[in-house]
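The structure appears below as structure tokens.
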Amino acid sequence: MPDLSTLRALAALCVEAGRVILDVYEKEAIEVRSKEDRSPVTEADEAAEAVLITGLAVLYPGISIIAEEASSRDGVPGDCPPRFLLVDPLDGTREFIARNGEFTVNVGLVEDGRAVAGCVHAPALGATWIGAKGLGAFVARAALRETPTADAWTPIATRIGGETLCAVASRSHSNTETEDFLSTLAIGHRRSAGSSLKFCLVAEGEADVYPRFGPTMEWDTAAGHAVLSAAGGSVMTPEGGAFLYGKVDKGFRNGGFVAWGREAG
Ligand SMILES: Nc1ncnc2c1ncn2[C@@H]1O[C@H](COP(=O)(O)O)[C@@H](OP(=O)(O)O)[C@H]1O
Ligand SMILES: [Mg+2]
């Protein structure tokens, strides 16, 4: 289990990766390639992942890392230990290309199938969220490219939904299952957001529920999941079971989930 100083050091590393991303974001033209699965990738994804892999080897020596770009290059590993890190260096590549600022750097720590600690950093928003089981969740807002100081961190917590709920859903990916699910709830307000920022909106008490029935990979969700759980929320399978990590047999692919501002059960 990490302590607060390790978590802050993890945030500093994510901000460092974010600087590399902003270097590309601020260029006049962003070069975009298509990966084998036809999803977009840019030079920022690869450069940021290299920064994270180097830094994580120092912060978490000896801990296996499963990262998006390495996995799309070399394939996902055929097994994984009980404790490992999931890295998505640039979640929301479509938002990055659209230049709407809603992309994030994500590092999540998994122990025995559970997302227990994580950091989500939004380089173009200057916002960083951290959280860990037993430590709580925190946000820091700083100038772009600046590492948050130790006193910049404010505790965050989910809210108890009122009569109607605020739902948050993907800006780029939705489907009829998501709409069908939302139609079963008393939704008073809807928001869209790209990437793992949706977990952070629920973690900060700005939304109550984030349903996702479209495909995601484990590295897309572990960091945001850890922050949300530490803030008092939960992520469940659509059937109400625990949403787990290390799904080697599924190639680290997630099924659908519903993220809530309240605890499981
Ligand atoms: N068909 C698909 N298969 C697997 N993952 C998908 C997918 N379509 C979208 N995603 C995942 O959804 C993420 C974007 O989420 P959102 O729509 O909430 O912003 C993408 O992250 P990347 O941008 O890191 O590739 C990608 O991993
Ligand atoms: Mg992603």
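Cβ from N, Cα, C; glycine included.
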For the substrate site that TrEMBL gives with LEU90, ASP91, GLY92, THR93, ASP220, which of GLU68, GLU179, GLU239, GLU263 also belongs there?
GLU68
Pairwise over GLU68, LEU90, ASP91, GLY92, THR93, ASP220, annotated as binding substrate, what's the top Cα to Cα distance to the nearest Å?
12
Checking the binding-site residues GLY92, THR93, ASP220 against GLU68 (Mg(2+) 1 binding site) with a 10 Å Cα-Cα cut-off, in sequence order, leaves ASP220
Quick one: give me the count of other CB atoms within 10 A of the CB of GLU68 (Mg(2+) 1 binding site).
27
